[in-house]
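Taken from TrEMBL, the feature active site covers Cys219, His298, His382, His386, His415, Asn419. According to TrEMBL, the domain 'FAE' annotation covers 75-364. The annotation domain 'Beta-ketoacyl-[acyl-carrier-protein] synthase III C-terminal' is assigned in TrEMBL to 381-461. For 23-42, 54-77, the entry in TrEMBL reads transmembrane segment.
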Amino acid sequence: PDFSSSVKLKYVKLGYQYVVDHFLTLLLVPVMVGILIEVVRLGPDEIVNLWNSLHFDLIQILCSSFFIIFIATVYFMSKPRCIYLVDYACYKPPVTCRVPFATFMEHSRLILSNNPKSVEFQMRILERSGLGEETCLPPAIHYIPPKPTMEVARGEAEVVIFSAMDSLFKKTGLKPKDIDILIVNCSLFSPTPSLSAMVINKYKLRSNIKSFNLSGMGCSAGIISIDLARDLLQVHPNSNAVVVSTEIITPNYYQGNERAMLLPNCLFRMGGAAILLSNRGSERRRAKYRLVHVVRTHKGADDKAYRCVFEEEDKEGKVGISLSKDLMAIAGEALKSNITTIGPLVLPGSEQLLFLLTLIGRKVFNPKWKPYIPDFKLAFEHFCIHAGGRAVIDELQKNLQLSAEHVEASRMTLHRFGNTSSSSLWYEMSYLEAKGRMKKGDRIWQIAFGSGFKCNSAVWKCNRTIKKPTDGPWEDCIHRYPVHIPEVVKL
């Protein structure tokens, strides 16, 4: 008979996981029951005599009380503050900015009329990209040829950022004067004055606000901003931090013929998000999530990793973002380092023990043993993988052994909004909320990749069961999702 089916290894593994994960409980319960039985067996007189035999004097009681209070004070003062995600808002581009496949390809043929091979290359990429017909590009890119001036780039930034901020103020009831910390991240567009100064000027924020503007940090800058906000909230009590994540497309549309630089044109689209974080205890009840961990991995010391996503000029002097053929391999190495760090923080003991035993077996007995891949589905209910492209989502689904439902939010976000850079993770969180899947106690793993090369992770815990929102970026289309996305869309 088939061993696996006769013994039902599935239930054996479930039993093993339960025993290991609850080992201390299973060990202590019999001991406590034994002590309770012995106490019950003692008569009332014996219990009274036992109590009388214990001698306490005033000095001992006072010293013991002082010691306990001292230890408790040190513990609570050194304990990190809880960081709550009160709420967030995503920018929803207007219908007039939509770029259907036919429109995109028509513009490509007109702009690259002297290089039909580049047009064909873009068509092949678009067919396999996983993007849908409703993704959006800023108005300046709709012109033939595009008109990426500084003025219209600032215009795009104002529309995206201010719209997200206005939505956040409306959802949370936050007033501009209540913002203590402001962090804006945008990788490629870094004007002077900065985008953070633009926000301060628009909303007339306080003069003592702590503002930061992060640039050049790629698609994972959103999690870097969250990490920076967390560190600042640890040292500034009773504070609110607003994080704005976006990418401004207008000045970064490549108009040359280099294929490695044409790829971002096919994937990147308009998007942005504003997030309110707080360390105030009063926000605990209404906050949606609590930040548990942030793990950052940087592979910039390696030359290949450093240059795999690189802004440079082509032979004709036109600036673009060059994507290396080694990108997926480098992303895999960065992910491996990241999950090696985050694994011990989130995985149950049963998975850590299996991983350790397999590692020892490979080192001592047989190096050809297949390495054990921990089951991260035991640590998280939801996964938000950066919607950088179909290949990124496919590789993570395969390597982490995730189901189609686990990567549904990432695929649908890529289909509906495209690669919105650092803000894509928040469109995915919004998708899960719009589907009514966020329950109290659920754990969410956000994974993002960025130039440099970086892989960053954030772990959140759902603070309360979240009702389906009546607004947001998925408001008018969530009923249509999930949709089937074919391997190739013939154009």
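Keep in mind that glycine also has a Cβ here, set from the backbone N, Cα and C atoms.
Overlay of TrEMBL annotations on the structure.
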residue	record	CB count, 10 Å
Cys219	active site	28
His298	active site	18
His382	active site	21
His386	active site	31
His415	active site	22
Asn419	active site	25
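If you take every residue in the domain 'Beta-ketoacyl-[acyl-carrier-protein] synthase III C-terminal' (381-461) and average the pLDDT, you get 95. Rounded to a whole value, the Cα-Cα separation of Cys219 (active site) and His298 (active site) is 13 Å. Separating the Cα atoms of His386 (active site) and Asn419 (active site) is a whole-number distance of 8 Å. Across the fold, the C-alpha of His298 (active site) and the C-alpha of His382 (active site) stand 24 Å from each other. If you measure from the Cα atom of His415 (active site) to that of His382 (active site), you get 19 Å.
Here His382 (active site) is positioned 20 angstrom away from Asn419 (active site), judged by their C-alpha atoms.
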